[in-house]
Every structure is written in C-alpha cells, then in structure tokens.
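Copied from TrEMBL, the annotated features are:
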- B:88-296: domain 'ABC transmembrane type-1' (DOMAIN)
- B:20-47: transmembrane segment (TRANSMEM)
- B:94-112: transmembrane segment (TRANSMEM)
- B:124-147: transmembrane segment (TRANSMEM)
- B:167-193: transmembrane segment (TRANSMEM)
- B:229-253: transmembrane segment (TRANSMEM)
- B:273-295: transmembrane segment (TRANSMEM)
Amino acid sequence: MANRFSIKHQPGFTAIAATCFIVLYLPIVVLVIYAFNAATSTSEWGGFSLKWFQSAWQNTQVIDATLRSFQIGATAAVFSTIFATMAALATTRTASYPGLTFKYAAINQPLMVPEIVTGVALLIFFSRIKIFTGYSGLGYLIAAHTAFCIPFAYLPIRARLENMDLTLERAAADLYATPWRTFRRITLPLLWPGILAGLMLAFVISLDDVVITEFVKSGGQDTLPTYMLGQIRRGITPEINAISTVFLLLSVAIVTLFFFISRKHD
Amino acid sequence: MATAEEVAKAAERRDIRDRWLLSAPALLVIFLAATGPLLIVLVYSFLTPGSYGDVKWQFSPEAWIAVFLERDIFDDTLSVAAAHVTIFLRSIKLSVVTTIATLVLGFPTAYFMATRSEKTRDLWLFLITIPFWTNLLIRTFAVLQIIRNEGIVNTILLKLGIISSPIQILYTDTAILIGMAYVYLPLMVLPIYASMEKLDFRLVEAGYDLYATRFKVLRKIIFPLVKPGVIAGSILVFIPALGAYVTPSVLGGGKNMMLSNLIELQFGQGRNWPLGSALSIAVMIIVMVALLAYVRNAGKSGVRHG
C-alpha cells in the first residue's frame, strides 16, 4: 500500500476500522433479509416473501402502537423544539449573566441521568398525579417525551445561533423594525435550518424511546418500541423483522435529511 | 434625569429578565417531568413500602440498609445481600468492559475516519451516524438474531467444522457485553473523531523527524492530544451502559440481571418502591462520581492544551 509510508499510517488501524463498519451493519442487514423470509421459523430461509409485512400491516395492535408513537413523537417534537428555540435565544449571543450556567446545566440535565432512573421517578410522580386528578391519558407520555427531547432539540439550534452574529438584527433595528418584526424577518429565517434539525432530532429521539415510555405508560398505551419489546420477550416471529425494517427505513430517511440540512448550511 | 449609565443598567436588567422569561418554558417542563421527580425518588427511598406497591408515609431507613444488606427473618441479624452485591458488581464490570471494548475498537475507527480526505470524511461520518440514530431496541434485536444458537455466527462456525454444537452465547453476560459494545460503539467513535479531526499532523511529522516509532507517536503525541475526546466518549458509553435496560432485558433473558432490571423488579413483582428508589439513587451516585471525575479531567487537559 502506498500510504504505508504516510505519516498518517498506523499499523492495523484500517483493518480494525473496516471490521467495525462491517460489524455495525452486518446484523442490521441480516435482520432486514430475514424480514423477507417465507418460513415461519426465523432460523431457516424459506424463500422470498412479503407476507410478514402484510401480517404486520393487518395487525391492529401494531397500527395502533405506530399511530400512538407518531402522535406522541410529533407533539413532543413540536413543543420541545419551540421551548428549546426560546431557551437557545435566551442563552446565546450574550455576555455571561447570573444564572446562565444554571440554565445550561438544567437544560442538559436529562442527558446526565440514566433513563431507568428518570423512568422510575416519573412512574412515582405520575402515579400520584393520576390518583389525584383521575386523568390517565397520553398527556403524561407527551410531557415526559417533551422534557427529554429538549436538550436534543437545543443542541443544533444553539450551534446555529452561535454562528450567527448580531449585525443583521442591529441593522434591522436601526431601520426602525420592531423587535418582533426583526425576529420574524431576520432571526427566524436565518435560524430555520437549526430549528428544522432540532425538530427532526427530537422526533427521532421520541420515536426511539423504550425505557421511559415503558415506565410511564398506562395500560393500552403501548408505543411501537414498547410493543416490540413485549413481543421480543415473548419469542420472535419474522413479523418483528418486518416492523423493524420499516422503522429502520424511516429512521434512515430522517437521519439522511437531518445530515444534509445541517451540512449544507455549515 | 437618569444618567446614561443608569439607562444602560436598566436595559441590561430588562435583557436578563427577558432571557429568563424566554427560557422559562423549557426549564419548567424539564423541572416538572425530569429533575423534580428525582427529588421525590430521594424522599421515597426513606419511606416504608406499602402492601400493594407505592409507600406508607412513615420514615424508615430499611430501604437503604437493604441495598447492600439482608435482614434475617428469624433473628433480625444483618448479613451482606449477596444477590444485590453481585448485580452491582456485574453492572459495573460489564459497563467498564464495554467502555474498554468500545475504546479499543472505536479509537482506530475514529483515527481512520479523521485521516480520510475531506470529501470522503463526510461519508464515513454519515455511516457512523446512521446506527447512532437508529432505534436501540432494533439494533439489540439484530444482535439477538446474530448470536442465538440458530443464528448466523453459530451456523457459520458449524458449517466450517470449527465447533460441533452451537455455542450458547445468548442469555449470558457475554451476550449483554456484545450487545452493549455494539449499540454504544458510535457513542465512543463520534467524540473521539471530533477531537481527532482537529489534530495537527505537523506534530506527528515532527515526532517522526525526531526518530519516534509509530507506536511512540501514537502514545506520546496523538493520544494525549485527543484525550478529551476519549474521556468524553468513555463517559458517554459508561453512563448509559450502567443504566442499560433494553440490552440486558433482551439479551440477558431475565436471569442475568443488571441494575436496571433489579430496579424494575422492585416496582413490579417486588412491590418494594422504597428499595427501588434507593437503588435508583445509588445508580445516580455512581454516575455523578463518574461525571465529576470527567469534569476534573476535562478541566485539567483543557488547561494543558491551552
């Protein structure tokens, strides 16, 4: 190899990296292949078939859980992104002021605590509120998801804001634009890619959550991941492979979009 | 009349007040649905368990005693709760080994990515980001299908004649370890890559000019410079690994419990919410210690590299 004598060469590193990439993708590829398996047992290949996709599509539990996941994910993503945008505006482009460090710590707090602990804490807290108010709807799950999505939505929005200087906003103010008009016509359009990235991140994070949802949900409030966890614990059918494949496609689509949005505007 | 200074001061105060108002919704939601309930867990860990779950409002240190000790039902003597200690040690051991394994695999991977040309770097980054954002449960499930007795690993080994009967990997500690290393690998690679990308290779060149070997350059130049990334990656892997719930539930098969499964048990069949709360706080304490060590280390290396 020509780069044997390059200063960047380290023996064996390329081999390990190649192994890592193969190992990262191999299980996912196998999982997807077996989603198209005609055999009922997941251990042998019985020919190509779409029947597991069909059976997942006709499974009302799967459809219910999927719709619930989307409902929670979309609501939590919108709320967390709005709140994170406001918080990002309040914590960037300023000299340090009393409480700024506290705000950083508070916003990132959900990232510092293991999910199991947050899950247990919310189980205790919400079970009290449930007894007190009698309400047992999706509100609890939406509140919990909004909270842990905020630090993720905050990340790209804050990064974007830090790269924006105040010149244009000052110019707008000099031309007698009201603060609201300046925000709507200058700040918001410039910030938009960051907000979109934050929204997508929050949606993916909410869609992926298992642990906190598992502890917070009331009976009959399965999301797609908690439904799948239940099925996997009970034993596997290729139907789970089919659901996973669709789920994977969706995630990859969102991540790809996210990647291009955040790269294009760098 | 207000002086210019007073006007400026008032404006600054107004600005700070506005900034508090703007961040209020985010702070409020996080306090209500994340931080605040943690305080309730702390309170619950000092209460008496109720007969059907939940608690009786009566102070009791029993839950904290039960974290590591067992009370004999007959003569009330205390002895070490072997089951709990085993689970604590297993969780810490598995998390540490996972961190080391992802470091050993992730460091060369990040190095490989950082030494590609500008254009292809984005592609490699994209390839590592995809597994990072795909559902953890699905990735764990994918590992399950690979390592089970009828899975591809055992099938290939059998066909090659290396083994005569399938190796039982699933539902062992090894399975949990493989699963955790697999799902958390991107969390190690990304921060190391971020440090590595900024690495100034003229320093590496200088090392070679002074007759350093490849290994010496790696150990004395590259590693110290990307150490903040290594520490960040280790923290990012260690914390979720310690509290891992999905991976041990799916790959450990209920027998090989980790801390999260033990906690879950107290809120389910165990009906001992105070003990579950005390165990949760104990996990938090371990995480806090790890984070503090990180902050101190990060502070130190920050000073050194200016």
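Each Cβ is built from the backbone N, Cα and C atoms, and glycine gets one as well.
Between the transmembrane segment (B:167-193) and the stretches B:20-47, B:94-112, B:124-147, B:229-253, B:273-295, it is B:229-253 that has the most C-beta pairs under 8 angstroms. When Cβ-Cβ distances below 8 Å are used as the criterion, the transmembrane segment (B:20-47) is approached by residues 55-61, 63-64, 273-274, 277-278, 280-281, 284 of the same chain, each at least six residues removed from its ends. Across B:94-112, B:229-253, B:273-295, the stretch most heavily in contact with the transmembrane segment (B:124-147), judged by Cβ pairs under 8 Å, is B:229-253.
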